Amino acid sequence: MPFTLGQRWISDTESELGLGTVVAVDARTVTLLFPSTGENRLYARSDSPVTRVMFNPGDTITSHDGWQMQVEEVKEENGLLTYIGTRLDTEESGVALREVFLDSKLVFSKPQDRLFAGQIDRMDRFALRYRARKYSSEQFRMPYSGLRGQRTSLIPHQLNIAHDVGRRHAPRVLLADEVGLGKTIEAGMILHQQLLSGAAERVLIIVPETLQHQWLVEMLRRFNLRFALFDDERYAEAQHDAYNPFDTEQLVICSLDFARRSKQRLEHLCEAEWDLLVVDEAHHLVWSEDAPSREYQAIEQLAEHVPGVLLLTATPEQLGMESHFARLRLLDPNRFHDFAQFVEEQKNYRPVADAVAMLLAGNKLSNDELNMLGEMIGEQDIEPLLQAANSDSEDAQSARQELVSMLMDRHGTSRVLFRNTRNGVKGFPKRELHTIKLPLPTQYQTAIKVSGIMGARKSAEDRARDMLYPERIYQEFEGDNATWWNFDPRVEWLMGYLTSHRSQKVLVICAKAATALQLEQVLREREGIRAAVFHEGMSIIERDRAAAWFAEEDTGAQVLLCSEIGSEGRNFQFASHMVMFDLPFNPDLLEQRIGRLDRIGQAHDIQIHVPYLEKTAQSVLVRWYHEGLDAFEHTCPTGRTIYDSVYNDLINYLASPVQTEGFDDLIKNCREQHEALKAQLEQGRDRLLEIHSNGGEKAQALAESIEEQDDDTNLIAFAMNLFDIIGINQDDRGDNMIVLTPSDHMLVPDFPGLSEDGITITFDREVALAREDAQFITWEHPLIRNGLDLILSGDTGSSTISLLKNKALPVGTLLVELIYVVEAQAPKQLQLNRFLPPTPVRMLLDKNGNNLAAQVEFETFNRQLNAVNRHTGSKLVNAVQQDVHAILQLGEAQIEKSARALIDAARNEADEKLSAELSRMEALRAVNPNIRDDELTAIESNRQQVMESLDQAGWRLDALRLIVVTHQ
């Protein structure tokens, strides 16, 4: 095409320069000025990498003064174009705009505009864009979205609770699973779902001070949720940035003490507009009708301001009725306002729980029990179902399940309370205790005698704590560098045990970090034993590395030496041997230690080794734990209660371990108390609540569905393709792990989630569980979600041109591949993507408008095509521009019909599901007072807004590919 002064062109290789103007032409060269950047470019006339910018009727263009017009006619005179049309601001018609006055900052956003302007993408980027659209749409439709991305084992009862609660509007529930069943993980799963779906954006977690870092680590490692830890220092810093310091972060963790200490701070917390509040260890909030504690009042105040509340607490039976009522009162003060009425309700509920237990056991029910069930369910025509459940017919089992299901819906607290017990959940290992009695060295005997004389004024509790750790008494007199490990028989025993069990992974726990560090040095120097150390003085990254080294099968550490605090919240169920180098002071800490290995998913029985020194507090405590509480070989829900009741006597025995008179009687009394309390707890088991909480077959099916999704090879192929195109280096490390590092030529300079040093990833859940240094990649991982956003939010891959070698078609045959997107715009919290995520519709049109997409599958077709360089591509586009315009118009006529079908299907699905949910909740509201009015209002409002948004749904062209047939 000849060049003329004043014409507008765009650079094929530097599209960021904007619209250029021809300012000089001679026999061999042409000069373009790019006004938006003030730069000039000199090109050879014969083969310049520039494309003529020409708009067509129907296009909207912008003048250099900023006003816009819709083009109705294009005139050409002496090689220059004049556009005639209607101004959009004044609606004046017949306005003429010469091309020289076009806005130079022109950005081509529509795929067809980019194609005609010579902004042609690489072919592989077009393919990636289509795959990103397709997979993104599929993921939104998954029924368990938000439950696949966490680094956890797929445990049915946890998935069941998270699936139920995570989809609710502003859930307010009590999670009261027994220890070791994963309340923290359940809460994390609920948060993950709510944040991913947009149902929540701001979350506050309040925990005891000692658990802050544990929660911080768990949320980051398991759920990729980056919380900010607020303490006095962070709060003071944030006051410089905002009136309310908590507005500076979306996800916050703080301690209960931090929240309670200052009135202004509590007010700031209440005003920060959180969507969800999580409170761990909620059973420590003391309440009575006359005198609630300050901690309880602080949480009560917060719970009034925050729509969603998750309380994590010990099991209700351990708490007592009043304490249990106090938790429920925080969730719904209107429903739980009268303690006496609550006690009466619970009494009335007892026969129902008994009847359910009989139904589940398959026993026949008496007429009285049948009548009571009929009244409890309160449905008309329930009689045939009751009779079927009580018969010997084939339908009896399904009738019983249906009755149990109906009772669950109506059960007093089943919507607000979830509680699983070890009895109701299978999959726990056995625990076997091995005690090793060792003589007390003379060095320790001397130190203990001197300590007894010098510490005569110490309290019994202080003396008891000293007597648990004789090595520390010895160091008090001999100095911190005293080499107690040279004569302590526990060290000799440990070295002998480890050298004779070289193939076993062994977790060693001791009370203090200093002990762990000293043991590591001794094991390494004396026996060459590879030991990792894990204590509270290490950073999260250092702990991750230590845990990863311990997890490595062949070259990893044989031993992990943990301090008490350092091991909080970490689980090592790939190991099954534990050594307690010393014993903790109370049964809760003992259970916490064993809980590092005793988790669901532990494949082997747990071997607990306790080497203890005779005539020390250790010898007293090992007997009390084992013979009095059976706390080593079984979980001990009664431990704290009995510990509190015999505290003074126990302390005296620990402080003077050689004075054992009456100790056998104490153990006998504790054992009797333990058995009685245990029987009482078992009798009080709420079978109906347990079934509701663990989900039964439904939960099992959910876990299996997610496990199948874990094997999806599409994710791996897509991720590798995505990393290639973004410019991320991939280095296969073996063992299903890959190291990702940034390259020098990235699509964006800083890709979110990829550090300068790189990261290790795995697509294998088992590897991710064993290797804490490897990130678990799923469709829900931020790395993939950020990659999808990067590709789909910009114009990467939105226009390209390819050659098809096919001798069956005439040379020059044109095909246009169009990727339309059908979508609706709505606030994220409406979760419209459940019904109509941005959905790609692919068309492959010839110039007669025939759609060949159904016959020609995308991936197969893509492999047959060849790339074209940008310069040649621009020339091809210019030659067939009018034909492409005509095909686009044919495509628009067809997409109208396809889009309407998709939108109508989405409307029908949304109407059916949301109306059914509303009807069910309204029906249950009549028989279950735990369904809150605001829940019903929210469901109705949500339904209306979803339907309105779907009414406004439309379509747009997202990407196009021009295909030209060649025989060469």
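Even glycines carry a Cβ here, placed using N, Cα and C.
Per Swiss-Prot, the feature ATP binding site maps to ASP177, GLU178, VAL179, GLY180, LEU181, GLY182, LYS183, THR184; the stated evidence is sequence analysis. According to DSSP, LEU181 (ATP binding site) sits in a coil region rather than a helix or strand.
Annotation source Swiss-Prot lists domain 'Helicase ATP-binding' at 164-334.
Taken from Swiss-Prot, the feature domain 'Helicase C-terminal' covers 490-662.
Taken from Swiss-Prot, the feature motif 'DEAH box' applies to 280-283. Note on the motif 'DEAH box' (280-283): mean pLDDT across this stretch is 87.
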ATP site shell beyond ASP177, GLU178, VAL179, GLY180, LEU181, GLY182, LYS183, THR184, criterion: Cβ within 8 Å of Cβ centroid: GLU186, ASN420
Fewest other C-beta atoms within 10 angstroms, as judged across GLY180, GLY182, which are the binding-site residues: GLY180
LEU181 (ATP binding site), number of other Cβ atoms within 10 Å: 27
For the motif 'DEAH box' (280-283), residues assigned helix / strand / coil by DSSP: 2 helix, 0 strand, 2 coil
Binding-site residues compared (ASP177, GLU178) - highest count of Cβ atoms within 10 Å: ASP177
Site of maximum Cβ density within 10 Å, from binding-site residues VAL179, LYS183, THR184: LYS183
